[in-house]
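Novice: Quick one: the structure is below, and I'll ask about it shortly.
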Amino acid sequence: KREKELYNYARVWIPDPEEVWKSAELLKDYKPGDKVLQLRLEEGKDLEYCLDPKTKELPPLRNPDILVGENDLTALSYLHEPAVLHNLKVRFIDSKLIYTYCGIVLVAINPYEQLPIYGEDIINAYSGQNMGDMDPHIFAVAEEAYKQMARDERNQSIIVSGESGAGKTVSAKYAMRYFATVSGSASEANVEEKVLASNPIMESIGNAKTTRNDNSSRFGKYIEIGFDKRYRIIGANMRTYLLEKSRVVFQAEEERNYHIFYQLCASATLPEFKTLRLGNANYFHYTKQGGSPVIDGVDDAKEMVNTRQACTLLGISDSYQMGIFRILAGILHLGNVEFASRDSDSCVIPPKHEPLTIFCDLMGVEYEEMAHWLCHRKLATATETYIKPISKLHAINARDALAKHIYANLFNWIVDHVNKALHATVKQHSFIGVLDIYGFETFEINSFEQFCINYANEKLQQQFNMHVFKLEQEEYMKEQIPWTLIDFYDNQPCINLIEAKMGILDLLDEECKMPKGSDDSWAQKLYNTHLNKCALFEKPRMSNKAFIIKHFADKVEYQCEGFLEKNKDTVYEEQIKVLKSSKFKLLPELFQDEEKAISPTSATVSGRVPLSRTAVKPAKARPGQASKEHKKTVGHQFRNSLHLLMETLNATTPHYVRCIKPNDFKFPFTFDEKRAVQQLRACGVLETIRISAAGFPSRWTYQEFFSRYRVLMKQRDVLGDRKQTCKNVLEKLILDKDKYQFGKTKIFFRAGQVAYLEKIRADKLRAACIRIQKTIRGWLMRKKYVRMRKAAITIQRYVRGYQARCYANFLRRTQAAITIQKFQRMYVVRKRYQCMRAATIALQALLRGYMARNKYQMMLREHKSIIIQKHLRGWLARVCYHRTLKAIVYLQCCYRRMMAKRELKKLKIEARSVERYKKLHIGLENKIMQLQRKIDEQNKEYKSLMEKLSNLEITYSTETEKLRSDVERLRMSEEEAKNATNRVLSLQEEIAKLRKELHQTQSEKKTIEEWADKYKHETEQAKLKEQNTLLKTEKEELNRQIMEKKLVEETKQLELDLNDERLRYQNLLNEFSRLEERYDDLKDEMNLMPGHKRTDSTHSSNESEYTFSSEITEAEDLPVRMEEPSEKKAPLDMSLFLKLQKRVTELEQEKQSLQDELDRKEEQALRAKAKEEERPPMRGAELEYESLKRQELESENKKLKNELNELQKALTETRSPEVTAPGAPAYRVLLDQLTSVSEELEVRKEEVLILRSQLVSQKEAIQPKVNKLVDQQLKLYTPSENWGCDFLSVFTQLLLNFRLLESQLQSQKKSHENELESLRGEIQSLKEENNRQQQLLAQNLQLPPEARIEASLQHEITRLTNENLDLMEQLEKQDKTVRKLKKQLKVFAKKIGELEVGQMENISPGQIIDEPIRPVNIPRKEKDFQGMLEYKKEDEQKLVKNLILGKQLSHSVNLIPGLPAYILFMCVRHADYLNDDQKVRSLLTSTINGIKKVLKKRGDDFETVSFWLSNTCRFLHCLKQYSGEEGFMKHNTPRQNEHCLTNFDLAEYRQVLSDLAIQIYQQLVRVLENILQPMIVSGMLEHETIQGVSGVKPTGLRKRTSSIADEGTYTLDSIIRQLNSFHSVMCQHGMDPELIKQVVKQMFYIIGAVTLNNLLLRKDMCSWSKGMQIRYNVSQLEEWLRDKNLMNSGAKETLEPLIQAAQLLQVKKKTDEDAEAICSMCNALTTAQIVKVLNLYTPVNEFEERVLVSFIRTIQMRLRDRKDSPQLLMDAKHIFPVTFPFNPSSLALETIQIPASLGLGFISRV
C-alpha cells in the first residue's frame, strides 16, 4: 500500500549512459504487478521503462524539492546514488557551493577558480562555532578538530584524500592556515608562520605539473601540528611517503619536472646563480621532455623568491640554500651527460664533456673518477672483485638512478631540516595531524607507484569504514535503539592479498632476492599462488605480464614490467662513494645518515617529543639494525611506514575530507557526472550513504518533529508531553512500526519516511491553501465588482455633468451671437429666444427632477435595507441568545440532576427519622412559596413582553403604510417622466433649426480666427524673448548651483579623507599601545629572568617615564608567576634574548642613577631632621596652628547652634499644619538648612580626622625625644587646670551634635529616596493606565455607536473612582508624613536646647574672664576656596594609588561624574599656581601611566573602561576649558575664567591624553565586542522572536543549534538588556553624549556585521521567514534607539546592510522588474553579498520557489558596473574613528567636595 501511494505520479531516477541518472515523472500510477512504467523525461519526451523481471526493483524516487541542495547529504529522505549526485550538482552549479557534508565526511569539489571564502574574516566567522550551525567548509572541519582536541583531550587527524587535481593540497593548506590563525603561537618565534612557510618549500621540491593538475603533489605527507596546554601552536613535524622519483628523469607529454628546477632556470640571471651555469629549461634533458615548461599564470622567478624567503624563515642559512641549489643544478647538468657506444657491451663519455665537467665542479668531485664509474661497475665474487664496462643503455639507466638517488636524499635532508625548524621547544601536549595523501588511481598503464598508492587507499578505506560503523553504533547505543548488525564492505581480504604472508609484496621481495629474478618469473609466481584461489585476484586474458586486483573502488590491471627494478631502487655503490668523497661539505652530509633511514622517501623524525597519552612511537630506527634496514626494499619500507601511519590515525579522532574533481579539463564550475560518480564510489562517500541508509538515516529531535509536523496533528492530539504526542501521531501516520524507532531524545526513521511525511504535510497545506485562495479570491472579486460599479456611477455622473456644461456653454455662445445681431433680427430672434429659453428651462427641470428622484430612491432603498438588517440582526441575536440560554439551562439541569442524585443518596440514609420528614416538609413549604413568587414575577415579565410586542406590531404597520404611499408617489413620477419625453422630441426639432444658424456663424468665426492667429504670432514672439531671458537667468542659477554642488562634494571628499587619516592614525595608535604593552611584558619577563630579578627596594626605580608600579601591581603579578613555572624554564629565542639583554643593561644604568639620587635625598632628609632636633621651639608654632584649627571648629559649632535656634523660633511662632507641610516656607528653610549642614558636616568630619591624625603623629614624634618641651607647651596652653576637661567636653558635644545632624540627614535622604521610588511607581502606573486606555479605545472603536457611548461612560466612571481612591491614599500618606516631621522637629529642638544649657553650665565664670588671655582664641572667617588641591610631592604615588588604582572607584554610584578628573585637574592647577614644572610633569605622567596600568589589569571590565574613558575625556576637557585659549573660554563663567592656568601651556599633554582616550575607546569597543559576540547570532538569527513563523527543515548528521529557546540560549531581549546595561553605565559615569552616540553606533555596527556575516555563511538561515524575523529584530533595536533618543547617532545607518539583506530574502525574485528593484534597493550590499544571498536562498516550504540561476545571472549583469569591494563578509573588527568634541563643564571647581571614602585625607583644599 505504501509503495503504491509513494509511486502515485511520483518523480523517479532512471539510469542513463551519458548523464548517469536522469529525472523522469510517472504518467500513470504504479500498481503491484506492473512490468512497465509510463514515464516522461524532463525535456518532455515520453518513455516506457521496463522493470527487471527477476528483482522487479522499482527505480529510485526523487527527493522533494525542499530537500534538494541540503548542506548534509544524510538529511535527504531518499539516500541513494542519484540523490547524492543531484544534490552535489545543484549545490556546485546553481549555488556555487563547493563544500557539502556527507555524515562525518566533508565532500570538497574543486571549483578550478579562486573563491573569496578563505580570508581571515571567514576564519573569524567559523572560529568557536558548532559544526552544524555554519555552512559546510574546510574551516568548519578544522574548528571541529581543534575544539575536540581541547574538549576531549585527545589527538585529532584530518585525512584529506582524492584524485590528483581534486584539491587535496589546497584543502590541507587551508586547514593548517586555520590552526595557525585561530590558535596563535605560544612564543614569539612565530611558529605558525614557520608551519605555513613549510608549504612553499615542500611544494617547490615535491609538486609538479601533470595532465590533471598544475600543482600536483607527487608525495604523500602527514603533518603533525603540536599544541601546548593552552592549545597554542608550539611546533610541527612532517612525515612523507613515496616520493615519485621517476619524475626527476622522465616526464610524460604536457607534464613538468618538479617546480624547483624551473624556478632555478627562471632565476639563472641572478648574480648569485652565475656559478651554477644554468640556462633555459628547454636546454636541459630533465626539464624539456614534457614539452610544457611554463604554467599559465605562474611566474617561476617570483615563486623562487617565495621559496628562498620560506627557507630563510625556517632557519636554512644562505650558504645551505646555495648548497641545495648547487646540487639541484648538478642534477640538471648530469641529465645532459651523453654516452657514446664503443661496442654492444661498453660505452664512453666524450673527453672534456662540458655537462659532466660542470657537474663535477658543482659537486666537488674528480672528473676522471666520475666519468669512469658512470661507464663501469664493480662486481664482487667470493674470491675477487673486478671492474666490468656497461652498455650505453645501462649507463643511461645508472645515470638516471644516480640523479634520482641524489634528489631523494636531498628531499629527505630538506624535510629533516624543516622538521628541525618546526621542532617544539617545550613539551607537546597534543597534536592535530593533517594527512594529504594521494587518492585511488587507475590509468591505462598502472605500475609499481599506482600499486602502492592503491594499497595505501585500501588501508585508509578500511579505517574509514570501521570508524563510520563505530559512530553509527555509538549513536544507536546512546539513544537506546535496538542495534541490528549492518552489513558493510570489509576490504580486509584485499589487504591480505597485498600484505599478508605469501602476498603480492612478499612474493615481490622474494623475487628481488633471487639472482636471476625477473618481472616475468614474478608474474608466474603470482598466478600460481593466487589465481583461482583468491576471488580478488585475476589474470588478464591477453597478457602473461599483468595481473588484476579488485579494489574497493574498481578493478585495476597492473603491468608487471618495472616492478622489480622500482622495488629494489638500486644505485651503483662506487658512484655514491665518489660523491661521499666530495670537497663540497653538504653532499656527504646527504649520504651519511642514509643507512639509518627507514625509507629513501620518508623523513627521519629526529627530535620528536613522544606523546603522553598515545601508544604511537616515533619513526626512529635502531642503530643496531642499520645494515639490515638498508637492505629493505621500497615495498617493505612503504608497508612499515603505512603501518606506523595507521597506528597514529587509530590513536586519534579522525576527520575526513574527500576531494572531488568535477571534470578533466579544469573548466571552472563544470560538473561531469560520470567522473564525479567514479570518485564518489572510490572515496567511500557512497559507502557512508549505504551504511546510513541501511539503518535509520533520518533523525529528528522530538521538538523539531513537533514543530515541523504540527500541521498533521489535531488539537486533541497535542499533549503536554512532546514525546508522547509525537509517538501518538506517528503511530497513526506510519502503520509499519519497523519504519521508525523512538530514542531517548530523537526519533529515528528509515529511508524514505521523511519524504512520505513531507508528502502528507504538503497535501494538507495544499488543501488549506486552496481553501484560503478560494475565500480570498471570492472576497477580492466582490470587492472589485463593488469598486467597478461605484466607478461606473461616478464616471456617468461626471460625463453627464460635462455634457450639461458643454451644452450650457453652447447656449451662452448662441446668446452672445444673438446679442450682436439683435439690431437686424431683433423681433424674430427675441421670439425664438423666449421659446428656446422656456424649452431649456423645462428640460433642465425634468432632468433635475429625474436626478433628484433617482437620488431619493437610492436613499430610500438604503434606509429600508438598514431597517431590514437591523431587524434581521436582532432576530439572529435573539435566536443565538435563546440557543445559548437553552444550552445553559440544559447544562444546569444536568449538573443539578447529578447533584440531586448525590443528595438523594444522602437523603435516603437520613430518611428514616420522623424529624427529618418534618424538616423536609418545612423546607418544601418554603420552596413552594418561593416558586409561587417566581411564577408571579414571570407572569409580570410575560405581560410586559406582550405589550412590547404589540407596540412593535403597531410601528411595523405604520411603516408599511408609509412605504405604500411612497410607492404610489413613485408611480406618479414615472407618468411625469413619460410626459417629459414627449416634450424632448419637440425640443429636438428646434435644435435642428438652430444648427442651420450655427453653420452661418461658423463662417464668420473663421474670419475672426484668422485675425486672432496673426495676433497670436506677434504675442508668441514677445513671449519667446521673455522666455529666452528667463532661460539665461536659469542657466546662470544652474551654473551657480553646480559650483555649489562641486564645493559640497569637495568638502565631503575632504571629510572622508580626514576620517581615513583619523582612522589610520588611531590604528597606528592602537598598534603603538600594543607594542608598548608588549614592551612592558618583555621588561617584566626580563625582571623575572634569573640574575635579573628585581627586589622591592629597586622596584620603583626601574620604571621609565611612562610606566608606573605600586605594591598592588607586585601583589597581583605574583599569582601569574606562580601559575606558569614551566614557561619560565623554557629557553627563549636567541635574537629576543640579545635584545632583552641590551635593554637590561640600559635599565641597570638607569637603576644605578636613580639609586644614587635616592641616597642623596636620604642624606638631605637626615640633615634636615638633625636641624629640626636642634630647633625645638618650631614645634610650638605647629601646635599653635592646631589650636587655631580647634578654635575654628568651635566657632563653626556656635554658628550651627544659632541657625538651629532661629529655626526653632520660626517653628514655635507658627504651629499651624500649613507651616509644616512639605511645600511650606518653613519646610523649605529646614531642607535648605539640612543640606547646608550636611555639606558642612562632611567637610568638618574630614578636618577632624586630619586633626586627630596630626595630633597623634605629633605626640608620637615629640614624646620620646624631649619630655621637657611637652611640659613647656602644656603649661603654655593650659592657664587653668580645667582647660583640658572643658576642651574634651566641648569636643564630645560637638561630635554628638554632628552625629545627630548626620542621622537626621540620613533619615531625610531615605525619605527623599522613598518619594523618588513612589514617583517612579506612579510613572509606571500611568504608563500602564495609558496602555490600558489605548486598548479600551481600540475595543470601543469596534463597537456600535450606542454601545460605544455607554462603554466610554462606564470607563470614565471607573477611572474617576480609581483616581479618587488614589488621592485619598495620598492624602493619608501626607498626613502621616506631616505628623512624623512635627515629632522630629520637636525632638530636634528639645535636644538643641539641652545641649545649649549643658554647655553654658560647663563654662565657669573664671574661664569666661580668662578666655581673652589665650593667644589662639581668635574666631576665623569661612575660608574662600580657589578650586585648587594641594598635596606633598612624596604623596603623589599615594594619590595615584587611591584615586586611579582603587578597585571599587568605577563601581561607586554616589560620586559626582568625572570626580577623579576634577581632582587631578585641581592638583594640576595648584602645581601651575606654584609654577612647579617638575610637579606638573610628574603628576601628568603618573596619571597617564596609572590609567594605563589599571586598564591593563582590569581591561576586560566594561564599567572600569567606561569610567576611565569618561574621566580621561573630562580631564582633557578641563585642560582645554581652563587653558586660557579664547576658543575654549566662550562658555565659561567669570569665576571659571579666573581659574585658568597661568604658567604652563599643556597642549602637548592634551595630545597625549587625546591619544590615551582613543586607546581607551578602542579597548571599550573590544570589551563590548567580547560581551556582545556570543549573543548576536543566537539573539538576532537563531531565536524565533515571532514564534511559529519559520518551520524546521529536515537536518542531517550535523545537527544545527535549535531555534527553540532553552534556558541558556540568548534571545533578542538578552541583547536589548545588555544594551540597556551599557547605556546606563555610560550615563552613570557622565560620559559625553556625543561619545555615547559613537559607542552606540559602533555597537550597532558590530551587531549588524556579525549577523550579516553569519547569514552569508548559513544556508539554513536564508529563507523568507528568517528575513521576517530579522526585520522584526531590527525594528526592536530601532525602537530602543528611539527610547534612548539616539536616532541621530548614525547607529541605524550601520544596520542598513542587514536590513537590505532581510528585504532581499522577502522580495519577489522572478522577473526583470524584480531584478531592477533589487539592484536599486540593495545599495548598501556588495555584488558578492547580493549574489551569495540569492544563491543561499532556501525555501522552507514547498510553496516557496527557488531563485533561478538565470535570475542571478541577470542581477550580476545589472551590477557589473557597480564599483564595490569584492570582499564577501563585512569587517566585524572595524572601529570607526572616534572624535572628542569639546564639552565644557558648568561645575564650579571651588564647590567640589572630596568624599572621605576615597582616602585622600592628605590633600588639602586651597
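The backbone N, Cα and C atoms fix where each Cβ goes, and this holds for glycine too.
The shown structure was predicted, so the numbers you read here are calculated from the model rather than taken from an experiment.
Reproduced below are the annotations present in TrEMBL:
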- Gly162, Glu163, Ser164, Gly165, Ala166, Gly167, Lys168, Thr169: ATP binding site (BINDING)
- 614-633: region 'Disordered' (REGION)
- 642-664: region 'Actin-binding' (REGION)
- 914-1085: coiled coil (COILED)
- 1088-1115: region 'Disordered' (REGION)
- 1098-1112: compositional bias 'Polar residues' (COMPBIAS)
- 1151-1181: region 'Disordered' (REGION)
- 1151-1177: compositional bias 'Basic and acidic residues' (COMPBIAS)
- 1302-1391: coiled coil (COILED)
Novice: For the binding-site residues listed here (Ser164, Thr169), which one has the lowest count of neighbouring CB atoms within 10 Å of its own CB?
Specialist: Ser164
Novice: Restricting to the chain of Gly165 (ATP binding site) and a gap of 6 or more, list residues whose Cβ falls under 8 Å of its Cβ, or answer none.
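Specialist: In sequence order, Asn110, Thr210, Arg212, Asn213, Ser216, Lys661, Lys666 meet the Cβ cut-off.
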Novice: Could you please provide the mean pLDDT value for the coiled coil (1302-1391)?
Specialist: 70
Novice: Neighbours of the ATP site Gly162, Glu163, Ser164, Gly165, Ala166, Gly167, Lys168, Thr169: Cβ within 8 Å of the Cβ centroid, same chain, sequence order.
Specialist: Asn110, Asn213, Ser216, Gly439, Cys659, Lys661
Novice: Give the sequence-ordered list of residues that share a chain with Gly167 (ATP binding site), lie 6 or more positions from it, and have CB atoms under 8 Å from its CB.
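Specialist: Residues satisfying the criterion: Ala108, Asn110, Cys659, Lys661.
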Novice: If you skip the near sequence neighbours and keep only those at least six away, which residues in the chain come within under 8 angstroms of Ala166 (ATP binding site), Cβ to Cβ?
Specialist: Ala108, Asn110, Gly439, Cys659, Ile660, Lys661, Gln679
Novice: What are the DSSP helix/strand/coil residue counts across the region 'Actin-binding' (642-664)?
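Specialist: Split by secondary structure, the region 'Actin-binding' (642-664) comes out as 9 helix, 8 strand, 6 coil.
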Novice: If you skip the near sequence neighbours and keep only those at least six away, which residues in the chain come within under 8 angstroms of Gly162 (ATP binding site), Cβ to Cβ?
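Specialist: Expected: Ala108, Lys168, Gly439, Arg658, Cys659, Ile660, Lys661, Gln679, Cys683.
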Novice: Can you give me the same-chain residues 6 or more apart in sequence from Glu163 (ATP binding site) with a CB-CB distance under 8 Å?
Specialist: Arg212, Gly439, Phe440, Glu441, Cys659, Lys661, Gln679, Ala682
